[in-house]
Amino acid sequence: MNAPLPASLLKQHLIDPEICIRCNTCEETCPIDAITHDGNNYVVNPDVCNGCMACVPPCPTGSIDNWRVIPRARAYGVDDQFGWDALPPQEPVESLLAEAQAVAQAVAGQGGASASADAAPAFATPESASAALASAALAGAPDDALIEEGVAAAAVVVNRGATVPPWSAAHPYVNLYTHKEPVVATVVGNYRVTDDAADSDVRHIVLDFGEASFPVLEGQSIGILPPGVDARGRPHHARQYSVASPRDGERPGYNNLSLTVKRVAAGRDGNTHDGLCSNYLCDLAKHDTVRVIGPFGNTFLMPGRSGANLLMICTGTGSAPMRAMTERCRRRMDGKENGKLMLFFGARTRRELPYFGPLMKLPADFIDINLALSREPGQPKRYVQDLIVERAADVLALLNDDKTCVYVCGLKGMETGVLDALEHAAVQAGQDWSILHQALCRQGRLHFETY
Ligand code: NAP
């Protein structure tokens, strides 16, 4: 545990605007609503944050894990943080020390010895004070007990998935390239993967990294920096896309990866700005270059253990990580490493389902495919959760096997429906869902990536 700070100092929790990809995960995770955002930044309200760390493990970039020691009276307010392009530097320990001692003396003058002791618990000697401040400024967490409390709070409040990877997942690399130092990739392919007659234009985009090292695992994502500036003249923020290819590349032996990107005709709120980066990507031609940051993500990862089962549930372009994992398994189909693969995939129609053709060519004894079509003419509207309910017994058998990991990716709205369907599968068999759900979360076996 870190040495305690004087009461007049605060170890303030901050989000690095240069690394943050504005994915909203932290705001969703915070159990006490201390995180908020405007059109520019995600920020932490110092009046609300208790440093519980609940938001830290789920953050895909690590931008959330930033701390500055500062006098409480000068804590960075929400409005200050909204205006930042970069984090302020940590103020020198010596000046903080002097300021805190001045506060302690003022308090002692006003309120007596007990106030003085309370104000400066770590100041037995100047050396110990400096050491305490330096370690507080440098260390990530404010307090070990709070971390445990916070992670537990996140599990309870968010109540959906794991904040740890499967124990057998390979080690992921994250943040190798940042806003300040992106890597430039070259487009080597851009193909439509929805039917030509479908309304949705979903593209399979292949990026080559040339000589640059860009290691990714299935389930990780990358950030794309669209060119140009926003209305305030600032460079656009990065947008996050899941990698759709396995770790050895879209083409094995090549230093490349693929993305699944849908052209946006108008944002869900009618705001065309939503599609800024997706449309930029969809319009890229072979040999164009694109600035990339990342990789991101250290929990939504596939198990490495032999015989692991994958239960994959996705909608639309949320199929990207499922394609990556399925392709990883397909490439090693001859071996005995694969367990069972079960896929629930939702799209409006067959024609709008990305990768429909290649998917349907996969052998039934390799992957159990369940398509939920919501607007197929002449058919009842089906969502993935409806099919999970229909296949409840098979789904439950997988959930009860500790070699199974579950992945949910796609529309935010599907989360509740999918969780309800998984609960239904357990309950109809007389099983306690809360126990099973907690085990899935604790063991890093249930993962969500929804927007
Ligand atoms: P979409 O075409 O809008 O929807 C796919 C299917 O999901 C449709 O059949 C839709 O039905 C259905 N659906 C709608 N609400 C649902 C709900 N509450 N529960 C279950 N199914 C529901 O999908 P999309 O435009 O491709 O969007 C995919 C999402 O994945 C986006 O939010 C995207 O940000 C996210 N995502 C993308 C990536 C990536 O790398 N590109 C990665 C991760 C996540 P109806 O429309 O008929 O109601």
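Glycine too: its Cβ is placed from the backbone N, Cα and C atoms.
Checking the candidates K262, K336, K361, K403 against TrEMBL: the one annotated together with S242, T317, S374, R375, K381, G410, L411, E449 at the NADP(+) site is K262. Neighbour density for G410 (NADP(+) binding site): within 10 A of its CB lie 26 other CB atoms from the protein chains shown. The Cβ of R375 (NADP(+) binding site) has R348, T349, K381 as same-chain neighbours under 8 Å, each 6 or more residues away in sequence. Non-local contacts of T317 (NADP(+) binding site) by the CB criterion (under 8 A, 6+ apart in sequence, same chain) comprise V202, T260, V261, K262, P354, G410. Within the same chain, the residues at least 6 positions away from E449 (NADP(+) binding site) whose Cβ sits under 8 Å from its Cβ are G219, S221, S242, G297, F300, G318, P321, Y407, V408, C409, listed in sequence order.
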